[in-house]
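**Q** After the structure tokens below, expect a handful of questions from me.
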Amino acid sequence: MNGSKSPGLAAFGILKNTTCHTEKKISVFFSIIFMTVGILSNSLAIAILMKAYQRFRQKSKASFLLLASGLVVTDLFGHLINGAIAVFVYASDKDWIRFNQSNILCSVFGICMVFFGLCPLFLGSVMAVERCIGVTKPIFHSTKMTSKHVKMMLTMVCLFAVLIALLPILRFRAYQIQASRTWCFYKTEHVEDWEDRFYLLLFSCLGLLALAISFLCNAVTGITLLRVKFKSQQRQGRSHHFEMIIQLLAIMCVSCICWSPFLVTMARIGINESRSKETCETILFALRMATWNQILDPWVYILLRKAVLKNLYKITRGCCGVHIINLHMWELSSIKNSLKVAAISESPVSSKQINLQPLSSVGQ
């Protein structure tokens, strides 16, 4: 739809010549499963976060809990809204001409797809930056990273994602029904206009930039934790180091594996001036992989806690029959002991004059 006055009728042009067909029963089954699992996972994560936030509300850990809460709430509403629309489309036999003559539903669907796609990526990068600051500059983090500042960052991230999602509407470029007739997004077929390519490239570049920031900050955090671990002669912080490194690896792997195919596919479509070579099956597969990131987010950020890691370690040790590493008791004060070493090694002020606060890093 290149600025057509009748975007709804223009969108239906692709419905007549579409070459992408999906099995109705299988597609509905996958949509319901994705939506249900995502809602249950994020609801459980929200319950855990609320309980943890009540315990650590007055501590620096509250900043991480607020960011994590924003992430899982966004994922929850993403599954609820997008999933409900997708199930409705399948239940209506994908007859967009019947229920979407004014193109309102498609526009709402497209806005939600962009917003709930970019917002979790932005929040993930903000969480990575917060963890990086907390590990490398613990004193600055404990004094400047307050709950008020975190709430402002959450608001700014959401508003920025809303602006990106509304940009085509503000420019009178309606979202288009995709070739599979199951979802709406930017124009991905016969992309020749520069503005259509701009939206695709903007979405993919922002998403890839968020992944790059997360990867870089998590790498710096992991390296810093390893350096502190090897410098420290105390044993109390080892459990915290082990927990953080495992979570950082899981976060980077899940985000990159799930989102990279979809973002790269959108970038390739935006770069090609002529008809894209990407098939609708490829795009649909990449989209489903991206959906899995929102399902796995609560398990990576929240549910992969020290108790789970300890049990996994015991199982691995029992299977291998080898004493891999000497893990001591999982103590709540281990994070504080680890930070003291990091702060003393970087701060010119004597440690006796500093009242260190615990690092906000990982939900208990």
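Using N, Cα and C of the backbone, Cβ positions are placed for all residues, glycine too.
Pulled these features from TrEMBL for this protein:
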type: TRANSMEM; residues: 26-50; note: transmembrane segment
type: DOMAIN; residues: 41-301; note: domain 'G-protein coupled receptors family 1 profile'
type: TRANSMEM; residues: 62-90; note: transmembrane segment
type: TRANSMEM; residues: 102-129; note: transmembrane segment
type: TRANSMEM; residues: 150-170; note: transmembrane segment
type: TRANSMEM; residues: 198-226; note: transmembrane segment
type: TRANSMEM; residues: 246-271; note: transmembrane segment
**Q** Mind checking which residues of the chain, 6+ beyond the ends of the transmembrane segment (150-170), have their Cβ under 8 Å from one of its Cβ atoms?
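**A** Result: 62-63, 66-67, 70, 74, 107, 110-112, 114-115, 118-119, 122-123, 126, 130, 186, 199, 202-203, 206.
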**Q** Taking contact to mean 3 or more CB pairs closer than 8 A (sequence separation of 6 or more), are the transmembrane segment (246-271) and the transmembrane segment (102-129) in contact?
**A** yes
